[in-house]
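Peer 1: Reproduced below are the annotations present in TrEMBL:
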DOMAIN    1-363  domain 'FMN hydroxy acid dehydrogenase'
BINDING   Tyr24, Tyr129, Arg164, Arg261  glyoxylate binding site
BINDING   77-79, Ser106, Gln127, Thr155, Lys234, Ser256, His258, 289-293, 312-313  FMN binding site
ACT_SITE  His258  active site, proton acceptor
Amino acid sequence: MEITNVTEYEAIAKEKLPKMVYDYYASGAEDQWTLKENRNAFSRILFRPRILIDVSKIDMTTTVLGFKISMPIMIAPTAMQKMAHPEGEYATARAASAAGTIMTLSSWATSSVEEVASTGPGIRFFQLYVYKDRNVVAQLVRRAERAGFKAIALTVDTPRLGRREADIKNRFTLPPFLTLKNFESLNLGKMDKIIWQTDDSGLASYVAGQIDRSLSWKDVKWLQTITSLPILVKGVLTAEDARLAIQAGAAGIIVSNHGARQLDYVPATIMALEEVVKAAQGRVPVFLDGGVRRGTDVFKALALGASGIFIGRPVVFSLAAEGEAGVRKVLQMLRDEFELTMALSGCRSLKEITRNHIVADWDEPRVVPRL
């Protein structure tokens, strides 16, 4: 059976993967209300297509932090991809590079920054958690720089891990043949040997237990003293924090609720996006992470002011189903759907996508101007 859309990969991944692994990728926090809402919220935004516009040529290219990419669709950081497929992050890196887009490598990856760099050319960002031992953070950043990574995506919504009940039930542990490669060759100092065991987050307590709960805006400034790489702040959901991120020197903002894995009953990211965009006032780019499964979703995010989007679960599900070919296909399907949405909405380039191309259910009733 031919796969015709991104969502179909999830059922295949569920069949193929051990329950513990599938549940780790698929589940959200607590009641999983936000997990469902991340998807459902897109259906509350409708199109206002413009017709009789010459759409024989469509340009989807854009630049992110000065890097030219083929489309505004990028790969979000997702942990432990070798649980999905033996090639893991290698396959994802090759697929992203072939599609001409950006991959963000999780610091909890099962392949190291050096291994991912060895797959060949490509624009790559490195996702970072800040640990209690700042020397560990400095070593991770240094290695990412040396491996040619172009930006740091600093995850800021995880002073503690959210409660993911499927992981607790399954007593989630990283399979014994895998390790968190970025921690292997570090001088761990105060960080003990990596021991995977289950605590009430369901995720291995070791590395999670090392995340610094005291992380604050001053640490975002500190990070800029140890690296010249641009810093994207990932996990912003409010105007207040968008303004603080810009004051703290962020080069960009990723509107994210951590795939609905942290605090349940936060809004869908597509619902929080416009507030953040308005607060940013064009000073830094704002990106959307969470819930994107269709090209129409990409268009809606851009119409609400996003400079681009990141996909997470579609990558691990397609990786589980078909390895590198699956990830390539997901990127191609989203690209094709997005191009079609642009054409049918009367937009020939990203700059032509405007707020007037959509109507959201929270909008005021529209007064239509008379010609």
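Including glycine, each Cβ sits where the backbone N, Cα and C put it.
Automated prediction, rather than curation, is the source of TrEMBL annotations.
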Peer 1: Within the chain of Tyr129 (glyoxylate binding site), which residues six or more apart in sequence place their C-beta under 8 angstroms from its C-beta?
Peer 2: Ser107, Trp108, Thr155, Thr158, Val207, Ile211
Peer 1: Which ones in the same chain are close to Lys234 (FMN binding site), with CB under 8 Å and 6+ residues apart in sequence?
Peer 2: Gln127, Ala153, Leu154, Thr155, Val156, Asp157, Ile254, Ser256, Asp289
Peer 1: Here are some binding-site residues: Pro77, Gly290, Gly312. Which one has the most Cβ atoms within 10 Å of its Cβ?
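Peer 2: Its Cβ has the most other Cβ atoms within 10 Å: Gly290.
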Peer 1: Compile a sequence-ordered list of residues in the same chain as His258 (FMN binding site), six or more apart from it, whose Cβ lies below 8 A from its Cβ; state 'none' when nothing qualifies.
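Peer 2: Set apart from His258 (FMN binding site) by at least 6 residues yet with Cβ under 8 Å, we have Thr155, Asp157, Thr158, Gly162, Gly235.
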Peer 1: Report the largest Cα to Cα distance, in Å and rounded to a whole number, among the residues Tyr24, Tyr129, Arg164, Arg261 that the record lists as binding glyoxylate.
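Peer 2: Result: 19 Å between the two most distant Cα atoms.
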Peer 1: Could you round the CA separation between Gly312 (FMN binding site) and Arg261 (glyoxylate binding site) to a whole angstrom and send it over?
Peer 2: 12
Peer 1: Report the same-chain neighbours of Val292 (FMN binding site): residues 6+ apart in sequence with Cβ closer than 8 Å to its Cβ, ordered by sequence.
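Peer 2: Listed in sequence order, they are Ile73, Val298, Ala301, Ile309, Phe310, Ile311, Pro314, Leu334.
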Peer 1: Give the distance between the Cα atoms of Ala79 (FMN binding site) and Arg164 (glyoxylate binding site), rounded to the nearest whole Å.
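Peer 2: Spelling it out, the Cα of Ala79 (FMN binding site) and the Cα of Arg164 (glyoxylate binding site) are 15 Å apart.
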Peer 1: Please report the Cα separation of Tyr24 (glyoxylate binding site) and Gly290 (FMN binding site) in Å, rounded to an integer.
Peer 2: 16
Peer 1: To the nearest whole angstrom, state the Cα distance for the pair Arg261 (glyoxylate binding site) and Gly290 (FMN binding site).
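Peer 2: Per the Cα atoms, Arg261 (glyoxylate binding site) and Gly290 (FMN binding site) stand 11 Å apart.
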